[in-house]
Amino acid sequence: MSFFRSEPMSLCQILLHSESAFNCLVELGYLGVVQFRNIYGDTAVPNNLYNIEIQRCHELQRIIAHLQDEIEDFKINVMFYPDVDEDEVPKAIDLRDMETQLLEVYDELTDVERNCESLRRTRNHLYEHMKVIIKADEFLTGERNTEPVMAWTSSIIMDLVHDEMKNKAQPQDKFQLSFFAGTIPPLRFAAFETMLWRITRGNYFIKHEEITFPQEIGRKSSQLVRKYVFMLYFLGSSIREKLTKVCQGFGIKLFECPEGTADRRLALQNIDQDIKYLDRILEQTENHRFRILLIAGVDIYIWKIKLKKMLMVYYVLNHMRRVKHLQKSKYLQAECWIPTVEVGKVRKALMRGAQQSAKDNQDNMFPPMVTPIRKRYLRDEDKPTHFRLNQFTRGFQKLIDAYGIAAYRELNPAPYTIITFPFLFAVMFGDMGHGIIMASFGFWMVIKEKRLIEKNRRDPNPSEIWTIMFAGRYIIALMGIFSIYTGFIYNDCLSKSFNIFGSRWRVNYTTFKAENNHYLQLDPARPDNYLGDPYYFGMDPVWDISGEHAITTFNSLKMKLAIILGVTQMMFGLILSAVNYTHKRDYVDVFLVFVPQITFLTCIFCYLVFMIFFKWDNYGGHIAAPYNSACAPSILITFINMLLLKSNEVPPECNDWMFSGQDVVQIVLLVFALTSIPILLAGRPLYIMTQKTRIMRAKSAALRRSRTRSTLTTARRTLVYNVDISQSRISIAGKKEREDPTEDIAELWIHSGIHCIESVLGSISHTASYLRLWALSLAHDQLSSVLWNMVLKIGLAGGRGYLDSIVIYGLFAFWAILTLAILVIMEGLSAFLHTLRLHWVEFQSKFYAGSGEAFMPFKFPPSTMSG
């Protein structure tokens with residue numbers, strides 16, 4: 001019965017020894033039935049005993065994340081162990097061993113990565129050097145354009161050299177022409193040239209050309225670099241030092257460039273050999289790096305799973321309270337919620353953890369203690385909500401939890417949703433063929449459940465959409481089964497058959513009433529075309545070929561069916577509300593809140609449903625007045641006249657009332673309905689005010705009697721009614737915790753008024769909301785008919801003999817794709833969302849608050865490939 005109401009919870013205190021605390025919490029993590037209090041959230045105060053362990057765990061997680069990135073870069077398959085949860089149980093000593101192994105792998109891998117990066121930088125430098133020598137050779141041999149950037153510098157330098165060489169008085173080396181070769185980013189070239197002009201006063205000569213070459217930045221990644229290769233010519237050796245500093249300031253790379261052509265060719269060959277040698281070394285280094293990661297990929301999954309569990313354990317241990325009065329704070333304690341029936345299992349799990357820690361010295365083992373505690377200020381609203389679920393019920397419970405978590409011991413809507421949800425969905429989606437497709441997909445997921453779960457565990461990047469659909473596999477299967485049933489009720493398959501071959505019959509639609517049954521009389525001249533007696537189950541499929549009469553007939557039927565189903569479900573919701581009140585032993589609220597609501601809804605809408613049945617059964621299209629369709633009263637107008645106490649305005653040949661005594665029944669039901677409104681509005685406030693007045697009188701009488709006595713015992717009894725706040729803080733705190741929010745009379749009247757207005761108006765608006773059952777059912781039927789008639793019927797009723805088989809072959813694929821995409825997926829999703837709204841708003845609002853807190857136990861989640 002824990003699925004109908006939440007499990008009874010016990011507040012317990014756990015006392016653990018620090019030496020066995022880790023293994024004990026590991027056992028609790030696998031058991032998953034203990035929720036710690038004041039451990040999570042902003043109010044948690046850590047004891048800081050395990051800060052170092054937590055930091056070590058975070059550092060190891062960082063290392064594992066780095067290793068995973070490297071493994072993915074090399075496309076190495078990580079070893080997946082499906083039984084890691086059972087085979088690799090974390091222990092306290094595992095952190096030290098894991099840290100040693102991971103740091104060893106990480107240090108070795110870091111050294112290899114550092115060497116690889118150094119080799120790549122050297123290779124890029126050599127490749128750039130090669131490009132510079134090639135361009136310098138073109139500059140010096142005149143194979144490319146030798147135009148200087150600033151033409152006037154050429155004449156100045158040449159004239160200066162020519163004039164000074166004639167003067168033999170100066171040293172020869174002062175007039176030696178030197179040059180630099182290097183590369184510079186294009187954006188810095190203009191500023192660099194300006195600086196050269198200022199330093200050399202124009203006595204320089206520069207050539208440059210743009211090059212683009214690739215540079216390796218990773219194992220398989222490279223980027224194109226755009227630079228200028230330049231050759232700077234200057235006069236004398238004294239200015240060399242200044243120009244060198246300028247190049248350093250601009251981040252220019254300078255390269256050696258031989259002056260002779262043969263020397264340059266030899267330098268290029270040497271550089272090419274160096275590059276090839278570096279490539280071989282780099283390849284060997286990458287292979288060594290691959291082997292390191294390949295070995296790490298064998299155990300990295302185990303490390304990751306164990307480290308995740310250990311971090312969860314250390315976090316809880318770091319927030320447990322220390323017992324300072326026992327052996328130098330070696331004991332830890334915490335309060336927790338445990339399902340009452342699971343307390344024995346928790347004791348056994350803690351004992352197993354303590355025994356694992358004690359090993360051979362079990363005589364000195366401190367047994368963990370689990371002690372139920374009671375607190376006076378603790379309310380039921382503070383307890384978490386926990387339902388026992390299985391694979392079948394979990395999907396329906398998630399639909400309810402998406403709206404709100406049930407309060408402790410509040411009635412759970414999920415058991416009733418198992419039937420009502422797929423049925424209301426099927427009313428809107430009802431189609432046998434589409435239902436078979438949906439049911440087949442749902443049952444396929446159910447049958448392959450274990451295999452699909454295991455496949456999802458092994459998927460490193462599971463699809464979120466697929467995960468949601470798989471979680472609702474039982475819901476999809478039931479929605480398909482119910483859709484088959486409602487499609488059978490609607491007789492949609494037979495309707496399609498008549499729609500194909502119905503043109504062979506000449507139907508004369510004449511309805512008449514005989515022996516309380518409706519018949520469809522065909523042309524008397526063609527008795528062989530008589531279709532037989534009417535359908536006693538479901539809808540007669542012949543209405544589907546009656547043209548415009550089909551939509552009229554189905555429109556009337558489904559609209560009335562929607563109202564009947566809506567009123568029935570809301571009445572059931574009010575009955576569940578009464579069950580909630582009786583469970584709290586609040587029988588006064590049952591009478592003052594539930595009875596007026598159910599009376600109002602019954603009086604108003606039972607009459608409406610009665611009109612629906614009477615109108616549906618007694619008025620026909622070709623029956624003589626006053627029982628033909630022209631005399632049929634409007635349900636809406638009749639209902640409005642009932643509330644306004646007006647008589648119906650009908651043609652002279654029609655009856656004023658549908659049945660004798662209708663006006664009396666209307667007045668009686670209206671009186672009962674209106675009488676329930678003031679009871680719903682003022683019943684509970686007046687009752688509480690009366691109770692408070694009676695209690696105050698009893699207290700006053702007791703106080704007067706106590707004043708006539710002067711003994712010490714009498715004085716102490718008087719304190720019961722005159723307690724000083726400073727003398728009894730605990731009792732006052734307990735009273736505040738148990739204080740009813742309805743103690744404020746003004747607030748009580750406001751809540752009662754809001755509840756009354758919401759109940760009265762909600763009864764009407766919620767009933768109108770159930771008309772979506774009618775609207776979506778007609779929409780799905782019409783879309784299905786349009787797709788059938790406009791696509792597949794072309795080949796089925798074409799009358800072209802064997803040629804139709806070829807046409808059907810081509811049209812079937814197009815029809816099947818549209819059917820799956822539009823009618824099954826899109827229409828199914830639309831009906832699902834509308835059904836969800838009907839349950840959340842129209843049904844659950846009658847009895848379900850959804851203001852509780854979910855039971856969040858300390859539990860290790862099942863391991864998956866994604867972590």
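Positions of Cβ are set from backbone N, Cα and C atoms, glycine also.
Taken from TrEMBL, the feature coiled coil covers 57-122.
Packing against the transmembrane segment (418-445) from elsewhere in the chain are residues 393, 396, 399, 452, 469-470, 473-490, 492-493, 561-562, 565, 569, 772-773, 776-777, 780-781, 784, 819-820, 823-824, 827-828, 831-832, 834-836, 838-839, 843: each is 6 or more residues past its ends and has a CB under 8 Å from a CB in it. Residues annotated as transmembrane segment in TrEMBL: 418-445 (among others).
Look at TrEMBL and you will find 465-490 (among others) tagged as transmembrane segment. Beyond its flanks by at least six residues, the transmembrane segment (465-490) meets 391-392, 394-396, 398-399, 418, 421-423, 425-427, 429-443, 445-446, 449, 452, 456, 537-539, 781, 828, 832 of its own chain at Cβ-Cβ distances under 8 Å.
Here TrEMBL flags 561-579 (among others) as transmembrane segment.
For 591-613 (among others), the entry in TrEMBL reads transmembrane segment.
The transmembrane segment feature in TrEMBL is assigned to 664-687 (among others).
Here the transmembrane segment (806-826) has long-range neighbours at 431, 434, 437-438, 780, 783-784, 787, 791-792, 794-796, 798, 800, meaning same-chain residues at least 6 beyond its ends whose C-beta is under 8 angstroms from one of its own. If you look up TrEMBL, you'll see 806-826 (among others) marked as transmembrane segment.
Across the coiled coil (57-122), the model assigns an average pLDDT of 91.
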